[in-house]
Structures are given as C-alpha cells and as structure tokens.
Amino acid sequence: MTLKALLVTALALCHGFNLDTEHPMTFQENAKGFGQNVVQLGGTSVVVAAPQEAKAVNQTGALYQCDYSTSRCHPIPLQVPPEAVNMSLGLSLAVSTVPQQLLACGPTVHQNCKENTYVNGLCYLFGSNLLRPPQQFPEALRECPQQESDIVFLIDGSGSINNIDFQKMKEFVSTVMEQFKKSKTLFSLMQYSDEFRIHFTFNDFKRNPSPRSHVSPIKQLNGRTKTASGIRKVVRELFHKTNGARENAAKILVVITDGEKFGDPLDYKDVIPEADRAGVIRYVIGVGNAFNKPQSRRELDTIASKPAGEHVFQVDNFEALNTIQNQLQEKIFAIEGTQTGSTSSFEHEMSQEGFSASITSNGPLLGSVGSFDWAGGAFLYTSKDKVTFINTTRVDSDMNDAYLGYASAVILRNRVQSLVLGAPRYQHIGLVVMFRENFGTWEPHTSIKGSQIGSYFGASLCSVDMDADGNTNLILIGAPHYYEKTRGGQVSVCPLPRGRARWQCEALLHGDQGHPWGRFGAALTVLGDVNGDKLTDVAIGAPGEQENQGAVYIFYGASIASLSASHSHRIIGAHFSPGLQYFGQSLSGGKDLTMDGLMDLAVGAQGHLLLLRAQPVLRLEATMEFSPKKVARSVFACQEQVLKNKDAGEVRVCLRVRKNTKDRLREGDIQSTVTYDLALDPVRSRIRAFFDETKNNTRRRTQVFGLMQKCETLKLILPDCVDDSVSPIILRLNYTLVGEPLRSFGNLRPVLAMDAQRFFTAMFPFEKNCGNDSICQDDLSITMSAMGLDTLVVGGPQDFNMSVTLRNDGEDSYGTQVTVYYPSGLSYRKDSASQNPLTKKPWFVKPAESSSSSEGHGALKSTTWNINHPIFPANSEVTFNVTFDVDSHASFGNKLLLKAIVASENNMSRTHKTKFQLELPVKYAIYMIVTSDESSIRYLNFTASEMTSKVIQHQYQFNNLGQRSLPVSVVFWIPVQINNVTVWDHPQVIFSQNLSSACHTEQKSPPHSNFRDQLERTPVLNCSVAVCKRIQCDLPSFNTQEIFNVTLKGNLSFDWYIKTSHGHLLLVSSTEILFNDSAFALLPGQESYVRSKTETKVEPYEVHNPVPLIVGSSIGGLVLLALITAGLYKLGFFKRQYKDMMNEAAPQDAPPQ
C-alpha cells in the first residue's frame, strides 16, 4: 500500500462524515474529572461535570456551563449543605427541554453514624436560570439507621448489696434505658439471688416504654449469688418470642453483680456455650473490690462475650456506675448485626441515591444502586413530600448485588410514561427492567437479561424516538465490558414490545476489531437526524479504544425500529490531540448549540469537552438524455469493417445539487465544486462510440454549483461498424463533490451524503431490424443427425459426434439459444461451427451453460449454446458439430434419445420446428475370451491289435474381460462317430464351478459324405467329416471379470481309425460363446476371441516279437567269440613264457663256488 493510500485510509477512519472533526470547539478546565459527564442544556450551552474536583474540605464535585457563543466555561454557583460530605457532584446529569431543567447528582455523600460510615446521595434540580437556588432531593439526609436490639438487665439482688447501693443500681439501669428512648430497643429485667424474678418482659416494655415506671417498684430479693442459673433462665425464657423477643433483633445481656457466684448448682461452662449458640451478646459490670482478685476477674471474663476487654466493665462502687453509662451506651449502639435470617442488614444506608438520574413528567428519578444490600432500585420524587421507591424485590428475590438503578431511561408511548432501569450485576450477567405505573404503583412489566458474565449489561441506557413523533421506538442497552477476542463492548438494539409480546433485542452493535478493552457502549446518546433521512441517528462512546485515547461511533437510523448494523463513521480521540484520554466517556446530542439549525454533538474526555458541529448534507442528481433515442441502422450497419466516424447523435447531461438537511443556512450561500467524469462503454475493451469534443470515450469537467441545475450537450461519434448492436451503448457519469466553506457560519463546510448515488448511467440503444412494426418475428427450426452412425456401441469408441442444423427463415433473432438434452451417460466435450457466408468467418457458437437433473431414473443433462449472440440474422443457417464423451459404464436401454430445443428473446411461440428428437439404436460392447487350456490331452497312440479305449479330455477357459455382465450360451462341438463307428464315446461336459446352467444336446451330420478323401487331403477329424454332438449350455449371467473352466471328457476308441498317407489324424473339438447380438456387440476384430478349438493327435504303431532276435543274436555272439579265441591261440596269446625266462637267467645268477 502506498503512502498516499495509507493517508487516505487514516483520514477515513477519523473523519466524522457530516460531523466537523477538522474545526471542533474544545473547552478545557483545570478541574479534576472535568468532562466525566456532559449534557446539552439548550441555547448555546453545555453543562460539564467535574465530580472529582475538591472545592473545599469534604466537598467534591463542581458544575461548569460552557457556552459556544463565548467559547468559555464558568462554574455554576451552588450552595452545598455541610452534610454533603464528598458527594462527587455531577457524577450523574440529566436535562429536560419542556420545561428546561437540569438535574445534577452527587451519589457519594458520606454520612457518619457512630462508628459506621454510610454512602447516600443528594441531587439538585435547576430551572432555566442556573443562578437561582435549585431544589434539593431529598430535602435532607436520612437519619442514622437504628438497630433493633433486645436488651435484658440481669441484676444481682443478693444480700451482699445494701439497700442504698441497690437503689443506685436501679438508677443506673433507668438512666441507661432512657438513653435509648428514640431507638428501636426493647428492654426486659430479671433480678437474681437464691430465686429468680422477672420484673418486666419485652412485651411489658412495649406496652409501657417508660423505664422508671418499670424499674422503680423493684424490691431487692436478698440471698445467695446464683449468676450462672440466672444467665440460663434469661437465655431460655426472656429471649423468647412469647415474652416479646424479636427474631432479628440483636440479643444483648447486661449482667450487674458485686461478687463471685455462690451456692449455684450450675457452672459457667454449662450455660455460656448455650448463650453463645443463641447469639446473646453479654456485657458484665463488676462492682466492688471483690473483683480485684485474679480469680474474680477471670469470672467476669468468662461471663462476658469475647473479647473480654470490650465487654467487661469494672467499677469500685455503685456510686461510680454513672461513669460507665455512656461507654456502655456507645458499645451497644455500635452493635450492627450483619445479616440475620432473611432480612438485609442494609436498607438505604448505602443507597448512593442519584447514581443515575432522569427527569420524568412526575419528577426526578434517582437511581439507588446500594439499597437493600446493593439490590438497588430508584426513588421517584413526585413532590417534596411524596417519594416512591421502585424495585423488583417483590418479583425477583435474587437481586442481591444487582445494582438496579445503575442506569435509567424514560419511555413515552402514546402519552403513557414507562421507566427503564439497568442492573448490570444481576446474577453477574446483567438485567434491564421496564416498569409501568398501575394505579399509583410502579410494577415490573418486562425485562431482558444479558448473556455474558461480567459484561455489565445495562450499565448504560438510551431511549430513542426514531421518527421524532414523540413516541419511543427502541431502547439501546450498553454492555461495555462484553468481551470478545478482538473487541470489547456491545450495544443491544431493543424495540419496544407490542402488547404482551416478549421484549427482545433484535440487533447488536459493535465497534471495530482490534480493541478488546474498548468499552464500546460506555456512553450512549441520541444525535437527532444529522444526515437528513428523517430517521434519528445515535452516537456510542468507546473510551477505552487505542489505549484509552477513545473513540465515538455514529450509527444511522435504518427504519422506525432499527439502526444500521454497521457504523457510518468512527471518530478517534487521537485525531484531535495525541494526549487526549477517554474521548467518548460521556456524550450528549440532539440539540442545536451553534444556531445553524443542525444538531451538534458534545463529547466528554478527560479534562476536555469537544463540541462537534453537524454539517449540511448535499446530494447530486443527474439526468442524461440522448437525441435521437436510438442509434439508426444506417449509422452502425455495414458488411465490412470500414472506418466511418459517423455522427450517432447527441446527449444532454444535466446536474443539480440539492440540500438534504433542514437548517437555517441561506441556500444562496451554499456552493460546492463538482468534478464529474463521463465514459462511453466504460467496461468494454473495444469502444463503440466517442465524444466528438475529446475524440475519446471519456471526458472530465469541473464546475462550481449552487443549489441549481446546469446542463450541457455533447456530440457522439461511431468510429467503426458495430458487431454488438443488441447491448446498448452505456454512458456512465461519476463525480466528486467538495463543499465550499460558509464564511458566515464559522467556515462550516457542506458535505456529500454518505449514501448518495456516486455514479449514474444511461443507455443509448441500437435500432432493431424488425420491420415497420419494430417487432422482430423470427422463424426458427432445428434438426439433428448422428453423422452416418447407425448404432451407438457403448464401451467402444469413447466419443459420439452429432450434427445440429439451425435455420432462421424470419426476421433477426435476438439471444438465440439451442439447448440439447441428453442422458447422463454422455458428457459434452467440444463443438465446431460452420462458416457465416456474410462475414466469411465461422458462426459464433458458444456454450452458455450446462446443467444436470439427477431426479428419478431418467436423469438428464443439458447444454445450451448461444448462437451468434447477440443476433442470429434473418434467412441464415448454421450447422455445428457436437462431440460427446460416452461413459463406458452408461446404460441407455436399447436406444439413445436426444432432444433439442431452440428459443430466442423474440418471445415467439414454439412450434414443431423449434423442437427435434433424435433416436439412435444402442448396443453395449462386450469383451469375452475362450481359450484351449494346456491341460488338454494333446497326443494319443495305439496298436492295431489294441482293443481298449483311452480317456480323452479337452479343457477350455472362459473369461469375461468386459465391463458388463450378460447372459450367454456356451456351445461345444464334439466328433462322436465316423463311418458308423464310435469315435468319442459318452462325452461329458464338466464345469469347474457350480454354475447355474442348463445344457441340451443334439447330433449333427457332417456336410461332407466322402470323408476318406477329406481325411487324405487334411488329416483332421472334425464336424465337417464326422457326426458331432452339439452341446449348448445356457448361463443366465456371465459376470464381469468372471473366469470358469469347462472340461469335455469321454472315452476314445480306435476302431474308427482310418489310415492315410499322413500317418496320423487330428481329433478336433470346438467351442463358441453365443450372446444376444441385438443388445450386445463385439468390438471389431474380436470375433475370433469367442471361438476356440482343441486338437489331439492320434497315431497308430506296430508291436514286434523279440524272441527270434534274441536267439539269433545269442548264437551269433558265441560263434564270433570262438573265432576270436582261435585266432588268439594261433598267435600264442595263451602260451606261458615265465619258465623260459627262468631258465635263461639261471647260469648268470648262480653264486660262486
């Protein structure tokens, strides 16, 4: 992306469309929290709160009035009462127009009640004159809460106390009781010694709350000190509802004694745990020196509640009791039970009244989030004396910590007022409740719950009157902490329910991606109609975006009950100042502060108020009229492409700028600079027309417009012959508009409406060649042929060619299309068209679309061709060939059916000529092989004297290599007889598999009777010379890729053998596969594969007698042996020479004598 593009994108992000973000008026005060809340007061003023500003000791919060006319802010004087401690004035603000009122609240007033600090609120209602003292609501802070307490005095009446001290003890008790005179405290008293006497119960005190009338008549009992038993009796009897004890009151026991217990059968370990379980808080007062001993002191610690140091008082004598009465009173007052039973420990002590504020027709409505354990609610002040508390506890008991009243809004429908309160912490998901008045009582009418834990659904509310008729149409509910991975916060758009219908939110609004902590929806306001569409627009703040720099989103009204789903613009705080923080934390709109009649927006940021002015919105209207209305045929029709530059006509272009918004601006002052571009046929690569002025198909001009119309006339030229004379020439106008600053209104600049039409088009059509009536009536006809093919063999050649011929014997045909419907086993591959005799080029035939329907058995496909679009001329004929691929697995039945339909945009009625149906017989290619197996007996021999027969077998293998299963018949031919002599005796047909087959046999005579001559010529014994058995076996299904073997077996005798010059004969059997040739076909050259034969060579031989040969051979061998022996003897072979050799050697070897 270029630097320029990045800059344009950045400007688009921050530009507020018709909110002037370039010249905002900024107010800044050095007051802590300034800008946290803002409201438009009316006139030219905005009230800005600074709730954290410390004006004096224990006084926080201030109000400022910022005026557009003076560009300055000044504090609003307010005399705050001294009890308004740290009230955070201005934390909530509200205004009303009729009458003009300002309601400012400080909901953090700190009120100290004894040892506790409570948080309440004070609000001030100003009239039109902010200098006059406002009314205060409530008129005074509530009194400190009084704790219900049931107090029992257990006094020691033993004999160790003299009468004077006993009277002092009675005076002490009376004085302490009188100090609780205006509290919610009841008293009871028991005296103990050896016996126990209840002098008055809680019921007695309730009937007569005079302490002295109960205490004065008491007489001392005297006796021993049974303190433990007295404590048990108090716990079990006096703290009982029969004696007036209250279930939720604090139970307090005050024990006054002068010594250790004595004579008591009970130990403290027997009674103190019971008192603890009953929740009795025990104070013990030890009187006298007896408790100076460690053991006695430990007894006091045992009696008292823990820690003992907080609950034990020790004085030296009864005279000193008056020194501890204030201490005892303060400790009892400090007892604040947290929560007992089902009763909340807090009612309105922590109310924070005024946390939200609205002005109703009855009076101020102040949200009270802390009431009743932060269940919340609201106070409605109809007069100074009449206050109504509104909450939902009667309907929904599970409202603890819900913060009802965190936000508030007022609804007006048919002059009936309703109230809406938000409870963002209800069950951690949030709740918004609508209240309606029923005979003076505000009751919940309907409600909406949030969806995400922690989203703070209901933290902000805004009622919207979409059409400014005085009736509320919808409520905006903010959930600023709604979390998604890439953005934070959302706003629900909730139209008001009709009748008893359920209240539902129909849409959700979000900020931009990339800001998970953006808090979108933290502030909501009505803008009014800022874009002039007569629907109310709204602004939504997201102060946490861009690391807390903040942003404001503008959403336009979409209808009377909805807003646009996406924002029209986003204004970021960083655009105004890099250091600006929390821009959009508060918003106020809907009023004209700049006296120009346009609604303005006040935006609060940390330490700043920014006033964004609305800008007037303009729209541009354009008209373009051609003269003549159509391009004449004489201009564009030609047979050859020749440059002509003919005058096509003129176009009159008129522009008018109108103001879309209602304002106080003078129409004569509004001007804008308009740059507009004209383009002829802007999307075509080859232009069909151009402007005579520019010699191009484009033209640009810039003019300054007021709120008036300007026109100009332009001449159009056609440079060439037009191929496409059906589509009109398109003239497109697009423009930019920049408003000129209005000097008299602070350089306010008009802007073009965001949804304005940015380009305009006009069409310059061509005159049609349709006769005088201007209605083209074509006369189309269509035929098809299979291009000489008489039968389609499926599984053979993979393509199928067809010829389509189309004629138009009428006028020009527009948008002519041919659609061919064909079975799903065909697939369109290509086409080729014949030549157009006019242009000497091929006709333009182009496939437009293909579709298929897979419903039912007859699934069809279709292909549509555009024929010479856009015009198929009159008296023309085109032929184009179409090639389909044929699926080898397809099944068409016994014929292929193709249907063609021709149609056009002329909308002529269909005739029989516009349809054609082509039928073509179909056969299915098969591929089967039968072969002679090697296991067949190929050779047999015999002697003339041999009379026994030999076994012979011929074996064949059958294989279906094709893609289809089919029924077949297997036929075998076996020679069984020649010259009335049996050759193959009892032939058998044996299948290798258990096939379902039916075989039948018949005997066939040879065609040749002169079998000897035949065998002499050819030594082959087959069915041409011998009688044969024809065995036919019918198989119902020969499955794809199936293989089976068949063996022909029998006995072969040799009586039939006929000698020939060849010395042998060939015995031949044969087989053949038969099938239905009307449905199936063999591919060319495969006819021999379905036939086979097996030959066995049969040869005779002679058997010779071996005895003469053996005898002759033996005698001859003996004679030959005798002759050889005689010859050797004659030669001396058998004479011994050893003796002669010994004789010759004797004289030489004799030893000497």
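Easy rule for this one: first residue shown is 1, then count along the chain.
Placement of Cβ uses the backbone N, Cα and C atoms for every residue, glycine included.
Note that this is a predicted model, so its numbers are computed, not measured.
Long-range C-beta contacts of Asp596 (Ca(2+) 3 binding site), restricted to its own chain and to partners at least six residues apart, with a cutoff below 8 Å, comprise Arg613, Asp663, Arg664, Leu665, Phe745, Leu748. According to its DSSP assignment, Asp596 (Ca(2+) 3 binding site) is coil. Look at Swiss-Prot and you will find Asp592, Asp596, Asp600 tagged as Ca(2+) 3 binding site.
According to Swiss-Prot, the feature N-linked glycosylation site maps to Asn58 (among others), an assignment based on sequence analysis. Cβ-based neighbour count (10 Å, all protein chains) for Asn58 (N-linked glycosylation site) stands at 14.
Look at Swiss-Prot and you will find Asn391 (among others) tagged as N-linked glycosylation site, backed by sequence analysis. Here Asn391 (N-linked glycosylation site) comes close to Ser371, Phe372, Ala375, Gly376, Gly377, Ala378, Met399, Leu404: these same-chain residues lie at least six apart in sequence, with C-beta atoms under 8 angstroms from its C-beta.
For the recorded site, Asn734 (N-linked glycosylation site), the DSSP three-state label reads strand. Swiss-Prot lists Asn734 (among others) with the feature N-linked glycosylation site.
According to Swiss-Prot, the feature N-linked glycosylation site maps to Asn772 (among others), an assignment based on sequence analysis. DSSP assigns Asn772 (N-linked glycosylation site) to coil in the three-state reduction, outside any helix or strand.
Taken from Swiss-Prot, the feature N-linked glycosylation site applies to Asn801 (among others). A strand conformation is recorded for Asn801 (N-linked glycosylation site) in the three-state DSSP classification. Around Asn801 (N-linked glycosylation site), the same-chain residues six or more apart in sequence whose CB sits under 8 Å from its CB are Ala786, Met787, Leu789, Asn881, Val882, Thr883, Phe884, listed in sequence order.
The N-linked glycosylation site feature in Swiss-Prot is assigned to Asn881 (among others).
Positions annotated as N-linked glycosylation site by Swiss-Prot: Asn907 (among others). Asn907 (N-linked glycosylation site) has a Cβ environment of 12 other Cβ atoms inside 10 Å.
Within the same chain, no residue at least six positions away from Asn980 (N-linked glycosylation site) has a Cβ under 8 Å of its Cβ. Sequence annotations record features per position, and here Swiss-Prot assigns N-linked glycosylation site to Asn980 (among others) based on sequence analysis.
Swiss-Prot lists Asn1022 (among others) with the feature N-linked glycosylation site, giving sequence analysis as the kind of evidence. Close to Asn1022 (N-linked glycosylation site) in the fold, though at least 6 residues off in sequence, lie Trp973, Pro975, Cys1028, Val1068, Ser1070, Lys1093, each with a CB less than 8 Å from its CB.
For Asn1045 (N-linked glycosylation site), applying a Cβ distance below 8 Å and a minimum sequence separation of six or more within one chain yields Asp933, Gln955, Tyr956, Gln957, Phe958, Phe991, Ser992. Taken from Swiss-Prot, the feature N-linked glycosylation site applies to Asn1045 (among others), supported by sequence analysis.
The N-linked glycosylation site feature in Swiss-Prot is assigned to Asn1051 (among others); the stated evidence is sequence analysis. Around Asn1051 (N-linked glycosylation site), a 10 Å sphere centred on its CB holds 15 further CB atoms from the protein chains shown. In three-state terms derived from DSSP, Asn1051 (N-linked glycosylation site) belongs to an extended strand segment.
Sequence-distant neighbours of Asn1076 (N-linked glycosylation site): residues of the same chain at least 6 apart with a C-beta under 8 Å from its C-beta are Leu966, Pro967. Secondary structure at Asn1076 (N-linked glycosylation site), as computed by DSSP, is coil. The N-linked glycosylation site annotation in Swiss-Prot covers Asn1076 (among others).
Per Swiss-Prot, repeat 'FG-GAP 4' is recorded for 391-442, and the stated evidence type is sequence analysis. Break the repeat 'FG-GAP 4' (391-442) down by DSSP state and the numbers are 3 helix, 26 strand, 23 coil.
Residues or ranges marked as signal peptide in Swiss-Prot: 1-16.
Per-residue pLDDT, averaged across the topological domain 'Extracellular' (17-1105), gives 89. Per Swiss-Prot, topological domain 'Extracellular' is recorded for 17-1105.
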Fill in the CA-CA distance, Asp592 (Ca(2+) 3 binding site) to Asn734 (N-linked glycosylation site), as an integer in Å. 34
List the residues in the vicinity of the Ca(2+) 3 site, defined as same-chain residues other than Asp592, Asp596, Asp600 with C-beta within 8 angstroms of the site's C-beta centre. Lys591, Leu593, Thr594, Met595, Gly597, Leu598, Met599, Arg613, Ala614, Asp663
Cβ-Cβ under 8 Å from Asp600 (Ca(2+) 3 binding site), same chain, 6 or more residues apart: which ones? Gln40, Gly589, Lys591, Asp592, Leu593, Thr594, Leu611, Leu612, Arg613, Ala614
What's the most sparsely packed of the glycosylation sites Asn734, Asn772, Asn881, counting other C-beta atoms within 10 A? Asn772
Taking only the CA atoms, the spacing between Asn58 (N-linked glycosylation site) and Asn1051 (N-linked glycosylation site), expressed in whole angstrom, is 134
Nearest by CA distance to Asn734 (N-linked glycosylation site): which of the glycosylation sites is it, out of Asn772, Asn907, Asn1051? Asn907
DSSP on Asn881 (N-linked glycosylation site), three-state: which is it? strand
Between Asn1051 (N-linked glycosylation site) and Asn907 (N-linked glycosylation site), what is the CA-CA distance rounded to a whole number of Å? 83
Looking only at Cβ atoms, how many others are within 10 Å of the one on Asp592 (Ca(2+) 3 binding site)? 19
